[in-house]
Amino acid sequence: MAASDEVNLIESRTVVPLNTWVLISNFKVAYNILRRPDGTFNRHLAEYLDRKVTANANPVDGVFSFDVLIDRRINLLSRVYRPAYADQEQPPSILDLEKPVDGDIVPVILFFHGGSFAHSSANSAIYDTLCRRLVGLCKCVVVSVNYRRAPENPYPCAYDDGWIALNWVNSRSWLKSKKDSKVHIFLAGDSSGGNIAHNVALRAGESGIDVLGNILLNPMFGGNERTESEKSLDGKYFVTVRDRDWYWKAFLPEGEDREHPACNPFSPRGKSLEGVSFPKSLVVVAGLDLIRDWQLAYAEGLKKAGQEVKLMHLEKATVGFYLLPNNNHFHNVMDEISAFVNAEC
């Protein structure tokens, strides 16, 4: 190991809780193995290394889940998480899975997992746990989308899958709240999932589907310019500029650069959000994330366009801090997400 790598390793361990450090470090090792220099990806090995869990109709921590095929044509699955019924003495039957929601207003979070468009899935253990936590915190239903991944399925496949999932959620009668017979939808995601949430929200505004809010955790944005955070944090806390460049090349249309609107939504080629129907946003930025400056620029772009945005800039947080409840940043963000969702419900 090079001396500079040793310094970065030691420094990251002084900032990151040990179990988070182990988790993210293991991801980094696996990710480095899976990416190939020619732009291809070892999907077979990726699936083998990704620890997955099955849906569970027997409530776990007060939440039960089931998988639904929402588009047979592209084999698009989603995992639905629901609070256990208060009066339920037996495990839910197949007839209970799509039982109308219980409550005057029940928020529904459409969730997109992270992984830089290439890694993880809706049934990855870390995201299964996160979605269960969101159900408990927000007293909501969560629909986690198993979108198609790059490089096999580049832009705009993930956005198309998110759009299909949004329409599916919006059309489910059993997700409609009793008070107004509407589905109270929020979009959420981390890393690439936050990027997908933004782009699905754009389509929703154009189509008239009402989305109440966007929740973006360390959203993955970028651009051609090398920002201060990319220069100063390159390789320091798990992620390198070269890593990020590989993922953008894998996802973006062939021949495109990082000024493409999928990467840089407020570039000259991006869609103006001034006067556009767009949900209010909660943008969470980890100060030690390599692409911090792009995330801050995204929040500022929303503000300049006249859109409502709340920014949480956690200066000493790193990527993945929200995956384990072992730090104050985790608890503060979860409380903020709960308040953000329930303020509209």
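Placement of Cβ uses the backbone N, Cα and C atoms for every residue, glycine included.
Lifted from Swiss-Prot, the feature list:
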type	residues	note
ACT_SITE	Ser191	active site
ACT_SITE	Asp289	active site
BINDING	Gly115, Ser116, Tyr127, Ser191, Gly320	gibberellin A4 binding site
BINDING	Ser116, Tyr127, Ser191, Phe238, Gly320	gibberellin A3 binding site
MOD_RES	Ala2	N-acetylalanine
Candidates Ser191, Phe238, Asp289 (recorded positions); nearest Cα to Ser116 (gibberellin A4 binding site) turns out to be Ser191
Between Gly115 (gibberellin A4 binding site) and Asp289 (active site), how far is it from one CA atom to the other, in Å?
14
Tertiary neighbours of Asp289 (active site) (same chain, Cβ under 8 Å, six or more apart):
Asn218, Ser229, Leu233, Tyr237, Val239, Gln295, Ala317, Thr318, Val319
Name the residues of the same chain, 6+ apart in sequence, whose Cβ is under 8 Å from the Cβ of Ser191 (active site)?
Gly114, Gly115, Ser116, Leu217, Asn218, Pro219, Met220, Val319
Taking only the Cα atoms, work out how far Tyr127 (gibberellin A4 binding site) lies from Phe238 (gibberellin A3 binding site), in Å, as a whole number.
19
Beyond Gly115, Ser116, Tyr127, Ser191, Gly320, what residues of that chain have CB atoms within 8 A of the centre of the gibberellin A4 site's CB atoms?
His113, Gly114, His119, Ser120, Asp190, Ser192, Gly193
Could you tell me the C-alpha distance between Gly320 (gibberellin A4 binding site) and Phe238 (gibberellin A3 binding site) in angstrom, no decimals?
10
Record-listed gibberellin A4 binders Gly115, Ser116, Tyr127, Ser191, Gly320 have a maximum CA to CA distance, in Å, of 14
Cβ neighbour count within 10 Å of Gly115 (gibberellin A4 binding site):
24
With gibberellin A3 as the bound species and Ser116, Tyr127, Ser191, Phe238, Gly320 as its recorded binding residues, calculate the greatest Cα-Cα distance and give it in Å as a whole number.
19
